[in-house]
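Novice: I'd like to ask you about the structure that follows.
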Amino acid sequence: MESEGWPALQPLLCFAWIAATLPIIAAALPIPTAVGGHLLRRLLSAFSSRGKTVRPSPASSSGSSSSKAKFTVPQKYFMHFYVVGVLATTILLLAIWFYAYMKLTPLLLESSSYSTIFSHLVGSNSFSFGRVRSRTMGHKYRVWRTVFALLLMEVQVLRRLYETEHVFHYSPARMHIVGYLTGLFYYVAAPLSLASSCIPEAAEYFQGQVPEFVVKGRARMPDLVIDSSSLLQPLLKLGWTQWIGAVIFIWGSLHQIRCHAILGSLREHKDYDEYVIPCGDCFNRVSCPHYLAELVIYFGMLVASGAEDIPVWFLFIFVITNLSFAAVETYNWYLQKFEDYPRSRYAIIPFVC
């Protein structure tokens, strides 16, 4: 079911993710310098740089440093990503949850044995009836799966917003404006991708409610009564795939919390632009275990969503490529900055890169 104006949402999201991912993949490929490979890698490194990897070199002239500053923003603007993410995710979560509650409740399982007996008694037409009921049930599950996935996304952005304010102590370093805009795009497109299959029908539902409210008026509209148990019961009746995804998500989140606590403890003085080698937890194996945990988190979301919508796959592919590229850049920076940096560490994924 698709509302007018929304049928192109999924293709647009796929195109946006592909457009954001391809330059990263191209920069990672061994493209010869003669055809612009080195330039592409330098440009992408500059655009994606932040914090320690974007600071002007001490040998740079004052004019060069001033020019770089024009295209950068303070690294503490990371908070903007999560504010936007919370707003976008909350709006989508509340809208689709309300739509699912009003139109797709209760969520009940059909008895296969009852359907079989009924088909023998009534005849072959019952098979068509069963298929219709099956499609209806599948549609209900798809919408409630979306609510579940958006709940996980909401937990993620709320936690990251909290960590940005209370865990991380950002230095005076800066990040490139292109990376900043990419972050804003990401935290709008990610919840849209998770909800893309349900947005058209939810939008159609709300579009139908507005004229009804205008015609009838508030006094003649039925009172809205929300049963809290009906809000949660459909989520508890979802399949085992959703709960496996939730367990993966929770494991990745707990691991990332530990990694962020380690990183936050390295900079007790906010005004000092100084970096040290992080140690402990998986930092002893990889340079960016917090990025690895993020991959696990979004893999959990992918599993919990049912992994049926193409935009969610492109979202996950972007997360893999973007964080892998950033991890390699960070790893190379550590090697250049610290002579005693452990070269046995991988960038992000043990035994892979």
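Placement of Cβ uses the backbone N, Cα and C atoms for every residue, glycine included.
What Swiss-Prot lists as transmembrane segment is 11-31, 78-98, 175-195, 234-254, 291-308, 313-335.
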Novice: May I ask you to check whether the transmembrane segment (78-98) and the transmembrane segment (175-195) make contact, with contact taken as at least three Cβ pairs under 8 Å and only pairs 6 or more apart in sequence counted?
Specialist: yes
Novice: Which bits of the chain, at least 6 residues beyond where the transmembrane segment (175-195) starts or stops, bring a Cβ under 8 A of a Cβ in it?
Specialist: 9, 13, 16-17, 20, 46-51, 54, 71-75, 77-78, 80-82, 84-85, 88-89, 92-93, 96, 146, 149-150, 153, 157, 301, 305, 309, 311-312, 314-315, 318
